[in-house]
Amino acid sequence: MPKDIFPICRRRHQGHLLIAGLSLLFPVLLYRARHLDDNALTSWQWVFAAADPLHLWLLLLLLTPLFWLLALAPQWWRARRGRETGGGLPAPALIAPVAFLACLLFMDSPEMIVDAGRYFIQAKSFSEHGPLYFYREWGREIFAWTDLPLMSMLYGLLFTIFGESRLAAQLLNALLFALTTLLIAQLGRDLWDEDTGRAGALLFLGFPYLYSQTPLLLVDIGTMFFLLLALASLHRAMTRGGWYIPLTALAVLGVLLVKYSAWLLLSGLVPIFFCSLAPQPRRAVIRAVLALLPGLLAAAAFFWGQREIMAEQIALLLEFQRPALKGGWSEGLISTFFFQTHPLLTAALLYSFFRAGYRRDLRYLAVAWLVILLLVVLELRRIRYSLPIFPLLALMAGYGLRDLADPALRRHLLLVVAGSSLLLAWGAFKPFLNSTGDRNLMEAGHFLSALPPHRVGVVVLAEPEPVLDPRVTLPLLDLFSTQKLIYLPPASPPPPPDGVSESPLRFSWEMNLPEFYTAAPAFRPETVVVIKGSPAARTPPEVIMLLDNYRHAAQFSAHSGVFQYRPLVTIYHLADAGW
């Protein structure tokens, strides 16, 4: 097989022009074909309602020569110093801080996925009552739905140390995101070489969709990190031993306690195991047992203590979520791999299959197995549930770029993928997310936090045909507020609508609010917050009577016009309140 499979790139300037041209052409083609993007959160059909595509394209045009110059800079520098050019890719110690700083650009995004309300309640319960109560009441007083507790415990620990700070949770996710780049570089270096690992780490920044997830109080970034940690550390544990053995045990325990779907992904340890047997199989097997057994035993002890709750959760997963994923909860591969992933990354990924097959590289299966399992065998078509394999996709694409022999061309392509993906996420995805009704809860929480400490009553009103139980907005408001929030229940709660048993938001009707949102019957709040599911939500007479002694203070009513649920928040103060 020829060393360089891209003949046009042998003449350096033509190769750079090709990369620059493709980086400018792909956004135009994708914008014209945006009707093919069926992503449920950041579809190209929606995001450009809040961003000017021409302005973004012109900004990309201005950045194009910068990417080119940065790609050539290491070569010029080494030539001046009389050194070999080498690969010249940024070190993982540089890529990780860049990834962390990129996440900081999205900190002011609202909580777009209402599942965050569950995780906040769980984390707050851990913070207020401690780990023993949390373990005892998990799935009982603490609503657990189909969740596992690890990320809620980590968020709760941060709340215990820093208070109920969303920023602390976001920084944790940003840190896990950055550490994931280090793990990609490590695994790529261990399986192949340093340049493959570094290329994979840079390509990991080529998924614009990921930036919409890093600021959210969810478990997907944590699941992605713990899975890759388990894969990378098992290889090191078997080949080097030492502290990688207990690290692998902790990583496996983390995977088992972070999310049920991650259990299946632990099958990725099998090809890693076989790739790590040489050169001393007997010693490698002993190390693998020492690395895996403690984590499995610790998880088994937890599972035994929670066996009744977990049996109910698994039954719910099998009867409710699994059929739904096979049915309506799906997004197309075109959306995921062309609109929510940079197309050049996808091209390198597809080529990597050919390269591995041509070279009969069995180590490739150590990375590709989980991708094949989720996308081919299980036919998973929901991008959020595919997030744990994104680092593996990036590493596979990095492997595909090994046949691009010119280091400057490889650097150029990597910079284009990472830079233009960040530009899309920051310039289009973020403005769109900040234009949605979910931002109303964030701004209302900030408004309340600016007031002197006092207790706040919260009324939630459902629209005539609700898509979710609006009570779930209470913990989401609490996430952004430093005030003590008290739920003011309606005199006669409306019954759940027909078909709720098949709704993807079914949990919102089954969720019980914890005791820290309740107060004595005589409670009279100084501030009342009214949250409507939509402008069509009717205000019942008892709420109108309650508000007689209150004056209007603020209203938050932004709406993108895309999503059916659009929380409208109105804040009232007592007429004689001093603010």
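Backbone N, Cα and C atoms are what each Cβ position is placed from, and that goes for glycine too.
Just so you know, TrEMBL annotations are computer predictions that nobody has curated.
According to TrEMBL, the feature domain 'Glycosyltransferase RgtA/B/C/D-like' maps to 149-303.
Among residues of the same chain six or more beyond the transmembrane segment (15-34), those with a C-beta under 8 A of the stretch's C-beta atoms are 6, 8-9, 43-45, 48, 53, 56-57, 60-61, 64, 67-68, 71, 338-339, 342-344, 406, 408-409, 412-413, 416, 420, 424. The annotation transmembrane segment is assigned in TrEMBL to 15-34 (among others).
The feature transmembrane segment is assigned by TrEMBL to 54-77 (among others).
Residues annotated as transmembrane segment in TrEMBL: 89-107 (among others).
According to TrEMBL, the transmembrane segment annotation covers 142-162 (among others).
Marked as transmembrane segment by TrEMBL: 171-189 (among others).
Sequence annotations record features per position, and here TrEMBL assigns transmembrane segment to 209-231 (among others). Beyond the ends of the transmembrane segment (209-231), by six or more residues, the same chain brings 39, 41-42, 102-103, 105-109, 111-113, 115-116, 119-120, 123, 147-148, 150-152, 154-155, 166, 169-170, 173-174, 176-177, 179-180, 183-184, 187, 247-248, 251-252, 254-255, 258-259, 261-262, 265-266, 268-269, 272, 336, 340-341, 366, 383-384, 387-388, 390-392, 422, 425-426, 429-430, 433, 479 to within a C-beta distance below 8 angstroms of the stretch.
Under the heading transmembrane segment, TrEMBL lists 243-264 (among others). Listed as Cβ neighbours of the transmembrane segment (243-264) (distance under 8 Å, sequence separation of 6 or more from its ends, same chain) are residues 146-151, 219-220, 222-223, 226-227, 229-230, 233-234, 236-237, 287, 290-296, 298-299, 302, 313-314, 317, 373, 385, 388.
Taken from TrEMBL, the feature transmembrane segment applies to 284-304 (among others).
The transmembrane segment annotation in TrEMBL covers 332-356 (among others).
Within its own chain, the transmembrane segment (362-378) is flanked in space by residues 187, 191-192, 231, 235, 264-265, 267-268, 270-272, 274-275, 333, 352-353, 356, 386, 388-389, 392-393, 395-396, 399, which lie at least six positions past its ends and keep a Cβ under 8 Å from the stretch. Residues annotated as transmembrane segment in TrEMBL: 362-378 (among others).
Residues or ranges marked as transmembrane segment by TrEMBL: 385-401 (among others).
Residues or ranges marked as transmembrane segment in TrEMBL: 413-433 (among others). For the transmembrane segment (413-433), same-chain residues at least 6 beyond its ends with a Cβ under 8 Å from one of its own Cβ atoms are 19-20, 23, 27, 41-42, 46-51, 53, 55-56, 59-60, 63, 67, 70-71, 89, 102, 105-106, 109-110, 112, 199, 202-203, 205-212, 342, 344-345, 348, 401, 404, 439, 560.
If you look at the transmembrane segment (171-189), the same-chain residues 6 or more away from its ends with a CB under 8 A from one of its CBs are 92, 95-97, 99-100, 103-104, 154-155, 158, 196-201, 204-205, 210, 214-216, 221-222, 224-225, 228-229, 231-232, 235-236, 367, 391, 394-395, 398-399.
Under 8 Å from some Cβ of the transmembrane segment (54-77) lie the Cβ atoms of residues 16, 20, 23-24, 27-28, 85, 88, 407-409, 411-412, 415-416, 419-420, 423-424, 427-428, all in the same chain and six or more residues away from its ends. Beyond the transmembrane segment (284-304), the same-chain residues lying 6 or more positions past its ends with a Cβ under 8 Å from any Cβ of the stretch are 233-234, 237-239, 241, 244-246, 248-253, 256-257, 269, 273, 276-278, 310.
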